[in-house]
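A.B. asks: So TrEMBL says this about it:
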| type | residues | note |
| --- | --- | --- |
| ACT_SITE | ASP82 | active site, proton donor |
| BINDING | HIS83, HIS180, HIS208 | Zn(2+) 1 binding site |
| BINDING | ASP104, GLU134 | Zn(2+) 2 binding site |
| BINDING | GLY181, GLY209, GLY210, THR211, ASN230, ILE231, SER232, THR233 | dihydroxyacetone phosphate binding site |
Amino acid sequence: MAFASTKQLALDARAGGYAVPAVNIVDGISIAAAVRAADAAGSPIILQTSVKTVKYFGARTLADAARAAADEASVPVALHLDHCPDRAVITEAIAHGWSSVLFDASDRDFETARAETAEVTAEAHAAGVDVESEIENIVGVEDGVGSDDPNVHYYSDEALVGVAAETQTDLIAPALGTAHGLYKASPVLLVDRVRSLAALTDIPIVLHGGTGLSPEEFAAFIDAGVSKINISTQLKLAYMHSARDHLAEAERSGKWEPVKLFDQIGAAVGEVITENATLFRSAGKAAAAVTA
Ligand SMILES: [Zn+2]
């Protein structure tokens, strides 16, 4: 089927008390594996990519591969551009029919972030594309975007929701105490902040830096109102570790079969999706989901 609306998937999830897994795919193998696993679990899924991946393959190639996988699936599939401070790349994703983009203005000051977010939502909405907005810093560097400096930009709940409403943002990515990458120390999670934001607005709330949280922590965030959860690092590790294991075995056995490598990577990526669809309670929810 055609791409689903990221905003609609998140709204359905919030109403249904679950969160949609948003996983950072990196190529055709991970796209196919993620969609097949979501289909088998009956879970809606958001495929998302970093700007780095878009720069490698191009927005058209990724959209074509994701659309082909979505066409074979019976669950809703959305394609989302993750953390993008670069307006030219956003325009490229919009031109190739992606479901949504994350305009990352966390490196801009408040007034600039507000003005540019309004411009991006106007451009995206004219093409039927949803916008996730980030104007606060989420700690950690992800594929070259972001900062290890905590809370350079951090605003009141009212200011955050005010900007989102004024700019017609479709989803918001607030600072929630989580970080990108692997945790070196236990994070201080701002579950209460989600509850407070959810009381102020119906705009879906996105949790970044999901890798490494416990099942109880995910449940607390979902119960508080998070409806899209981003998983990047876990998928990267599953991808690379399975490739390493396969290549080590090929070296030992002397058997070099690329498709067997793809199978092993695909199986590892699929397991990540299955696990998260269960943790986020999105498994079995696809039938009820409305697509755009
Ligand atoms: Zn993120």
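For all residues, glycine too, the Cβ spot is worked out from N, Cα and C.
Where in this structure would I find these features, and how exposed are they?
C.D. replies: Around the Cβ of ASP82 (active site, proton donor), a 10 Å sphere holds 26 further Cβ atoms from the protein chains shown.
All protein chains considered, the CB of HIS83 (Zn(2+) 1 binding site) has 27 other CB atoms within 10 Å.
ASP104 (Zn(2+) 2 binding site): 26 other CB atoms within 10 A of its CB, across all protein chains.
GLY210 (dihydroxyacetone phosphate binding site) counts 27 other C-beta atoms within 10 Å of its own C-beta, drawing on all protein chains shown.
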A.B. asks: Give me the sequence-ordered set of same-chain residues, not including GLY181, GLY209, GLY210, THR211, ASN230, ILE231, SER232, THR233, with a C-beta within 8 angstroms of the centroid of the dihydroxyacetone phosphate site's C-beta atoms.
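C.D. replies: Neighbours found: ASN24, GLU142, HIS180, HIS208, GLY212, GLN234.
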A.B. asks: Could you check which of these binding-site residues, ASP104, HIS180, GLY210, ASN230, ILE231, THR233, sit within 10 Å of ASP82 (active site, proton donor), going Cα to Cα?
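C.D. replies: Final answer, ordered: ASP104, ASN230.
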A.B. asks: Out of HIS208, ASN230, ILE231, which binding-site residues have CB atoms lying under 6 Å from ligand 1?
C.D. replies: HIS208, ASN230
A.B. asks: Mind computing the max CA-CA distance among GLY181, GLY209, GLY210, THR211, ASN230, ILE231, SER232, THR233, which the record assigns to dihydroxyacetone phosphate binding, rounded to whole Å?
C.D. replies: 12
